[in-house]
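The block underneath contains the structure these notes are about, expressed in structure tokens.
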Amino acid sequence: MSAQGKSVTLRTLSRMKAENSKIAMVTAYDYPSAKLAEAGGADLLLVGDSLGMVVLGYDSTVPVTLEDMVHHTKAVTRGSQRALVVADLPFLTAHLDREEVLKAAGRLMQEGGARAVKVEGCDAVLPGIRACVAAGIPVMGHIGLTPQAVHQLGGYRIQGKDAETARQLLEEARRLEEAGVFALVLECVPDEVASRITHSLSIPTIGIGAGGNCDGQVLVYHDLLQYGSEIQPSFVKPYAQIGEMAVQGIRTYVKEVREGSFPGEEHTFRAPAVMDHLYGGERKKD
Ligand code: KIV
């Protein structure tokens, strides 16, 4: 188990893999979600570019910019003390030349306060990953369903379902480990593929829709809490009904405002001594 109270580091994660102790990652996008996720004991907080969909209302992660990521990463790191905060490099950023990738990752760390970055894909982004690792920036990889490539993949589909694509994923995982990533997200791949990858790597795998044999799991905050997320992927297990509670609370507030029962006496400030000054003689006439 990652020690409560102690900061989670890359060493913690490799120790957890060695001890067969499962790693829990959850996305966070702002100060309150970071505080709550950390209070719930998450080892890693991912400032995922999924914020484009669950926070900003886009229909994919493609429109998310580096500015968006820096802005949200700042808020998350203000709300977290113990968990390792990882921030996504947004669409196309890891494909730029070495200097641009380093500048972008540097901003997420220096301005945002992230302690690692996550990069989607494999071969096309290996030079950028290697540049970051050489510069001392920890990189988490991400293969399988890579949402930034949704338009090329033709939708949010399970990857690696046949022998050839499964073998390709295993090879990609090995190349990413060789390039120095400290952990690897496996998204929407069959359990058999995720297990094989997990057993052949010495770095931890973190699964999402990848079965129970990965070294850890990640879920999107709004999905696991059912907080305003309309699309519910089948691999998500809802652990709370925050959205329903929020609507119920707001409905009651609106009703009480309309009927005039809010604010009641206990939520009202009083200063009887000022009455005469405010109304002067008028009040006496009443
Ligand atoms: O952006 C994100 O939230 C992610 C997770 C789904 C792994 O990349």
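Even glycines carry a Cβ here, placed using N, Cα and C.
TrEMBL does not curate its annotations; it predicts them automatically.
Cβ neighbour count for D88 (Mg(2+) binding site) (all protein chains, 10 Å cutoff from its Cβ): 30. Look at TrEMBL and you will find D49, D88, E120 tagged as Mg(2+) binding site.
Look at TrEMBL and you will find D49, S50, D88, K118 tagged as 3-methyl-2-oxobutanoate binding site. Counting every protein chain shown, the number of other Cβ atoms lying within 10 Å of the Cβ of K118 (3-methyl-2-oxobutanoate binding site) is 25.
The Cβ of E187 (active site, proton acceptor) lies under 8 Å from the Cβ of H142, I143, G144, L145, T146, P147, Q159, G207, I208, G209, A210, each of which sits 6+ residues away along the same chain. The feature active site, proton acceptor is assigned by TrEMBL to E187.
Cα separation, D88 (Mg(2+) binding site) to K118 (3-methyl-2-oxobutanoate binding site), rounded: 5 Å. Listed in sequence order, the binding-site residues among D49, S50, E120 whose CB lies under 6 angstroms from an atom of ligand 1 come out as D49, S50. All protein chains considered, the CB of E120 (Mg(2+) binding site) has 24 other CB atoms within 10 Å. Here the Cβ of S50 (3-methyl-2-oxobutanoate binding site) has 22 other Cβ atoms within 10 Å, regardless of which shown protein chain they belong to. The 3-methyl-2-oxobutanoate site is set by D49, S50, D88, K118; from the centre of their CB atoms, other residues of the chain with a CB within 8 Å are T27, L46, V47, G48, L51, T61, V64, M69, A87, L89, P90, E120, P147. Here S50 (3-methyl-2-oxobutanoate binding site) is positioned 12 angstrom away from E120 (Mg(2+) binding site), judged by their C-alpha atoms.
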